[in-house]
Amino acid sequence: MDNHSSVPWASAASVTCLSLDAKCHSSSSSSSSKSAASSISAIPQEETQTMRHIAHTQRCLSRLTSLVALLLIVLPMVFSPAHSCGPGRGLGRHRARNLYPLVLKQTIPNLSEYTNSASGPLEGVIRRDSPKFKDLVPNYNRDILFRDEEGTGADRLMSKRCKEKLNVLAYSVMNEWPGIRLLVTESWDEDYHHGQESLHYEGRAVTIATSDRDQSKYGMLARLAVEAGFDWVSYVSRRHIYCSVKSDSSISSHVHGCFTPESTALLESGVRKPLGELSIGDRVLSMTANGQAVYSEVILFMDRNLEQMQNFVQLHTDGGAVLTVTPAHLVSVWQPESQKLTFVFADRIEEKNQVLVRDVETGELRPQRVVKVGSVRSKGVVAPLTREGTIVVNSVAASCYAVINSQSLAHWGLAPMRLLSTLEAWLPAKEQLHSSPKVVSSAQQQNGIHWYANALYKVKDYVLPQSWRHD
């Protein structure tokens, strides 16, 4: 596991914030002495002191907000990835990779096209008079040839995600074979030339080849399609390659990673509590970097929406534990061969993989084998963040993070929020501020994605290579 304590800016940030706090105390004390010497106030001394503390708190929080914003900008620039952070090339460097062509009849992933771990379920045929027709976008990329046998331009219409992946693939094709372009023989189909269940009818599938029709290239073309980010690729025929993607709606909805509200966490008191009822400040069972069970404080909710419908992956272990989590969420996986603990996206965990599960008798986390991987659609999403960056849900150890395949990078990215939580606990006016009956817990106020988590999600595409992201 990575060592989080060696972050170069962590100690400097702590010293800076402590200096701010000390300066605020000094300023408050000086102001208090001058006020007492110059005049006699009619306000009771206790109430005056409370008002001073509140004013001092607001000044400190204002400066702290500026510091957090600075850290958010500086973090991607100072981070240097560790070797154990998972697959992918380092930032700013190109690493040559050997790409192996697919063989005839091979599909990636080796699952049904309509599973959540592949392109996902069908959502319904889109016709020209359908409300969803406006969601299809034309592709006028000059590096792509469209056969367009119908002469209606239908082959240029596709979902936004399909267009994005197709454009990436077109660039890869030109790099692999100079002078050759990508050929699209079929995209959105309005004439029902395919089977009853086809993603062509939704603009989520394309049939492709190379412009020179050289069938010896098709195996590598399929591999390039996988690398471009298509969610399901099939070398189904010697004459073409078939590719499809997830729906735009499933991608845009809660990609950050969440659990179901009905899933439970174990409190330090020994009581199991549904995640939908957790509050900031609750201490729940978590996991240290070396796989030891520990209780950790909930400091915020990265996402919380009890009404949102969402697709989840379900992991069943041979010990009877069931974890329900979104596909892009990181789950702890034990590697028995190397005796190492890693974190893997939930939709990439396979049967026979081992996850860490709490032992009822000893309270320790022990490996259990995954015997079934399924999917379910459920209502509500909750993503608590603990100080440790991990949480044990339904007895299964999981990360608090998603989308990025490095637990350490994600944990460092949330360091400003942990720092903010720590400083709030040190502020002298905390008790006065929280004693007001009008104050509502953050968990009750929040409905949606936390602003900081959303900011990190938006900048990830600019600072991280694609191989590090769940796509």
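Any Cβ shown, glycine's included, is placed from N, Cα and C.
The cholesterol glycine ester entry in Swiss-Prot, when matched to the candidates G124, G153, G257, G374, corresponds to G257. Cross-referencing E150, E164, E227 against the Ca(2+) 2 binding annotation in Swiss-Prot, which names E186, D189, D191, picks out E150.
The candidates are C85, C258; Swiss-Prot tags C85 with the feature N-palmitoyl cysteine. Taking the centre of the Cβ atoms of E149, E150, D155, T185, E186 as the Ca(2+) 1 site, the nearby residues of that chain (Cβ within 8 Å, site residues left out) are F146, R147, D148, A154, V184, S187, D189. The secondary structure of E150 (Ca(2+) 1 binding site), as reduced to three states from DSSP, is coil rather than helix or strand. Sequence-distant contacts of E150 (Ca(2+) 1 binding site), defined by Cβ-Cβ distance under 8 angstroms and a gap of at least six in the same chain, are D191. Reported as a whole number, the C-alpha separation between T185 (Ca(2+) 1 binding site) and G257 (cholesterol glycine ester) equals 36 Å. For the pair E149 (Ca(2+) 1 binding site) and D189 (Ca(2+) 2 binding site), the Cα-Cα distance reads 11 Å.
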